[in-house]
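Asks: If you scroll down you'll find the structure; I have some questions about it.
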Amino acid sequence: SALRCYINKQLLDIRVVKGEPAELSCAVSKPDVVGTWFKDGLKLTSMEGVVFEKEGLVHKLVINKVEDIHAGKYRFEGGDIKTEASIFVEDPPQVDKVLLKNLTSVPTVAKAGQPVKIKIPFEGRLPIRATWLKDSMELADDTRIRVDKTDTFTMLSIPSSDRKDCGDYKVRLKNDSGVVEINLKLLVIDKPQPPAGPIKIIESSANDITIQWNPPKDDGGKPLQRYIVERQQMGKNEWETLGETPKSCTTFTTNKVEQDISYYFRVRAVNAEGTSDALESGEVKAVSKATPGAPDPPEIVSASKDTITIAWKVPRKTGSSRIVGYIVQKRKKGTVTWLPVNNAPVADKKLKMTNLKRGLQYEFRVAAVNAAGMGDASEPSQPVFARDSMKPPGRVQDLKVSSSNSTSITLTWKRPESKDGVDVKGYEVEMRSYNNLNWTKCNALPIEATTYTIKGLQAKEMYFLRVRAVNDSGAGEAAELEVCIKDAPPVVAPRLLIDDTVKSLLVVKAGNAIRVTIPFEASPDPVVTWLKDGLSLSNRATIKTENGTTKLLIGAAEFPDSGTYTIELQNSLGKRETFTFQVQVTDIPQPPGPVQLYENVPNTVTVAWEPSASEKWERDLYYTVLKRESQKGLWHVVGDLIYNNKFTFTKLIPGREYYFRVVAKNNLGASGPSETAQPWRIKKTKVEFQVKPQKYRGVNHKQPPRFLVPLKPHVVITGSECRMSCAVGGCPPPKITWYKDNRDLSNDPTYFCTNDFGVCSLVVLGVTKHDEGEYMAEATNELGRTFCKAFLTIKGNN
């Protein structure tokens, strides 16, 4: 064994990115071993880019720059020893670094209405799948946006951009070796939206008018520069420019007014791209200034021998301008003369008065002041004495226990009898246990209510409780109770009592109420939590939990109320019980948008329409296409259960006129129709010919097959129908064979194939995730063979 050579370090498999260096190395126990390298069973004597090295006991195979030819299984042999490993060459998608830096570091900027084209060339092992996403949603071809994909580049095209195209875009390039993601930002600039309304009239008088507005919700992607204010006199057509304000100022005052004349005002926002549409006001009349109305009577906050404090509210009518302050007046009870308390208006709605005579009874009133002057005074306040309370309150009446359980008790009582004008400011609640002589306050500050709940008590313990009324002079005589706390009920883990009446899917029509009642059992009472999509419910939802049931009520369902609702129960045992159900708010769909007709394939018509607005909230929405052959003919369905926004009709007869309409449908019914404004017609071609008396010479019309219109990639929702179409030419007419992932579909009943005069379609009814893959149409005749391919992507319903 001392003479035998063996391996100290084996060769190990490695994965190398194409273009990077690679090294295989092993170590033997003797330095005089002469080794031989093999690749895929063949001896290596020389290979481009490959170097053999030996450093002592270590033998190396070094590749300076790995290419596809270097992938394979390598073996090292030396004497009676050998070791082997594989090199796997990875070739992930790659994008030029300079282009990548330019795309990701600076946003792509376009003006509204201009075309946008973003082209990204790439390299890597094919096939490479390119996907474009905007705001985390995958983009697909529609009437506005086009996504082109080839083996060497992918390109996003928007013929006419607008502000809704702004956002964060992501390009994902993926193959078997890896994935590359490129984050882009597109900014479309435009003139701003109109200022946000309505226009408020801050002040209106015979001499001037002041208006106010809010900044526009969208500044067009460029900073606002200024606002332009215009005016139109009622009865005239001309608008007069009054002036401009900087972007930080959203008010404007004009003195170019005449008394008793009505005006309209409008405001426009301006940025570097232009001027917005106008925000217009209602009718504004230049009238004489109006003083404020009378406030409600002031309330007495506190009274003592030295001071009386009163408070009041803003009057309901503020006049023609804002209120700048208030004047307070006083008088002795039984007199008619009012004397001012303050000469200058006070801005606060509360005043403490000190210049009073002890023992006298006073009344107070308040008047508001604006630019037009002082308004009407309020009614007098309640009479109040300028004196300290002479006595503490009496004993509270009818103290009793209204409810209790094993950990808490609720007390109720009545106010003390009122004697000699003694007032009550609040109540103190105190307690002590049977074995403790010291009283403990339950409330830090006096409470105004005549009920209180004491918590944190021990079951089967005896407690003494007392309540005292208090005022500025102190606490009155206490009323006491002796109570024994109930024994704790048996502990029951929270459990939801779900039966057939509680549905896991609740479908509600918009505007109807959402009512869900779920019974449960638990002891002690659990903490009940309702969530929607993992978050707290909105303020529109009302939750009521009592007597072993918890109820959810939303008075009028709206589309944002759709989602996953969860109820959670948890009590002191720590066990959590949950139940989840779905709510779907739906309604009869809104009609689709405008319908357009165009010809992609000769002698066919493609019907395309803008999506129904209901697509935003209705996941089960689909479309039906109808046609008729004259203005008075009957409508016939030619396409149903369509989940995209286009449909191609092939059975056209030249010379006839066709009208089309599209309706949106869901489980509740169908929308109103959207129709084509003009009919579609294929002209009859009149062929004139003459028979000439000449010798007929045969013409060879034979042509090899060719694709006039190739297949296109499709993205389809699970459960919907997919129709993949192409147009084929050739003479004699080619035979069409369909394949999925190189598997012949001719005898597969799952797929339905048609060939109408060279327009070939493959229909997949009710697609599933298993239908995803690469589809190929092969056309063959006696002169040759050709094919085209496209990829079908399946998306889930959610």
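Keep in mind that glycine also has a Cβ here, set from the backbone N, Cα and C atoms.
Just so you know, TrEMBL annotations never went through curation; they're auto-generated.
So TrEMBL says this about it:
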type: DOMAIN; residues: 18-74; note: domain 'Ig-like'
type: DOMAIN; residues: 194-290; note: domain 'Fibronectin type-III'
type: DOMAIN; residues: 294-393; note: domain 'Fibronectin type-III'
type: DOMAIN; residues: 395-490; note: domain 'Fibronectin type-III'
type: DOMAIN; residues: 494-586; note: domain 'Ig-like'
type: DOMAIN; residues: 591-685; note: domain 'Fibronectin type-III'
type: DOMAIN; residues: 705-793; note: domain 'Ig-like'
Asks: Applying the under-8 angstroms CB criterion, which one of 194-290, 294-393, 705-793 scores highest with the domain 'Fibronectin type-III' (591-685)?
Replies: 705-793
Asks: Using DSSP, how many residues of the domain 'Fibronectin type-III' (395-490) fall into helix, strand and coil, respectively?
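Replies: Counting residues by DSSP class gives 0 helix, 47 strand, 49 coil.
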Asks: Just give the helix, strand and coil counts over the domain 'Ig-like' (705-793), going by DSSP.
Replies: 3 helix, 58 strand, 28 coil
